[in-house]
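Novice: This is the structure I have questions about; it appears just below.
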Amino acid sequence: VRVQEGVEDSGKYPIVVSTWPFLEAVRAAWEAVDKGFNAVDAVVEGCSACEELRCDGTAFNSLIDMNLAVTVGPGGSPDENGETTIDALLMNGATMEVGAVASMRYVKDGIKAARLVMQHTKHTMLVGERASIFAISMGLPGPTNLSSSESMEKWTRWKENNCQPNFRKNVVPVDSCGPYQPKDNLGHNKGIWSEANSIGTIESRTCLVGPHSHDTISMAVIDKMGHVAVGTSTNGATFKISGRVGDGPIAGSAAYADDGVGACGATGDGDIMMRFLPCYQVVESMRQGMEPELAAKDAISRIARKFPDFMGAVVAINKDGVHAGACHGWTFQYSVRSPDMDDVKVFTVLP
């Protein structure tokens, strides 16, 4: 593991960059693109490997309690009801086509479902059970139970802790785990603004989002022809409210690509980060001439000024193969494979 001190010039194409030390995912994408696959297909290969292996990044999880470790793909973060759902996105930086699925149930292949949306619809995103029906109708296996013994054990422990912490606010439960009612309906805070909603006051989310409370891969590939693609796959935030969609399937938030500029991937508190479209910001900053390191830091600082307690990170790569990362609230790692490397290298970015 190398500590980043600035930027790294990878040299010639192809190149693969991914959030976190998801080594096998990067190796799978590299093998594909090195054989001549295009960037889109290489991203699918890499993210699919992560989903199939339920990769958790060995180096990453050494930084946290292994009992809290999370995985990408089926069997990952459960929602309030104990169910695992998938968000995924695929973007072609040459055509600006995007395919995405959100809150998808019963289908484990998130990135492949996103590709099917791109290839076989004129839409950008499909959601929920209808996304599952579409994916299965197009040939993906299912319906499949996406939960695992690990995710159900995590959910059971959470229930035993009175369903705390959770993502509810300004509500009161009928019992320890709901159903919930707005406080105003019970005569609480009636006619006045609560302090958490007052102008300039933002509720802390540090107990809800951290390295162990979500599982996202965001990957960028530049192929031998210089074309760029990005992809994401995630189970979303642990114990999210059922139906929640995070930043993973939102173009410009968890990932963005443009052949003429470069690409970006992001990970972290998606509910906060998607309000700023950090990856779109990174790519646009690089379009204006910023180096990847400065573009990444600028995008993160825009969020931190409004939400000083948020946790998140971005990794940027320009069309010349120069890459850099920036983070806030945690130590971030990202992985790279390029022609001048014998294997994947992991870069550490300090907050």
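Cβ from N, Cα, C; glycine included.
So TrEMBL lists these for the protein:
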type	residues	note
ACT_SITE	Thr216	active site, nucleophile
BINDING	Arg244, Val245, Gly246, Asp247, Thr267, Gly268, Asp269, Gly270	substrate binding site
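Where in this structure would I find these features, and how exposed are they?
Specialist: Packing around Thr216 (active site, nucleophile) is summarised by its Cβ count: 29 other Cβ atoms lie within 10 angstroms of its Cβ, all protein chains included.
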Novice: Between Asp247, Asp269, which of the binding-site residues has the fewest other CB atoms within 10 angstroms in the structure shown?
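Specialist: So among Asp247, Asp269, the binding-site residues given, the one with the fewest Cβ atoms within 10 Å is Asp269.
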Novice: Reported as an integer number of Å, what is the Cα distance between Asp269 (substrate binding site) and Thr216 (active site, nucleophile)?
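Specialist: Cα-Cα distance, Asp269 (substrate binding site) to Thr216 (active site, nucleophile): 11 Å.
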Novice: Counting only other Cβ atoms and using a 10 Å cut-off, which of the binding-site residues Arg244, Gly246, Gly268 scores lowest?
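Specialist: Selected from the binding-site residues Arg244, Gly246, Gly268 on minimum Cβ neighbours within 10 Å: Arg244.
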Novice: What is the interatomic distance between the Cα atoms of Gly268 (substrate binding site) and Thr216 (active site, nucleophile), given in whole Å?
Specialist: 8
Novice: Could you state the CA-to-CA distance between Thr267 (substrate binding site) and Thr216 (active site, nucleophile) to the nearest Å?
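Specialist: So the Cα of Thr216 (active site, nucleophile) lies 6 Å away from that of Thr267 (substrate binding site).
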Novice: If you measure Asp247 (substrate binding site) to Thr216 (active site, nucleophile) at Cα, how many Å is it?
Specialist: 10
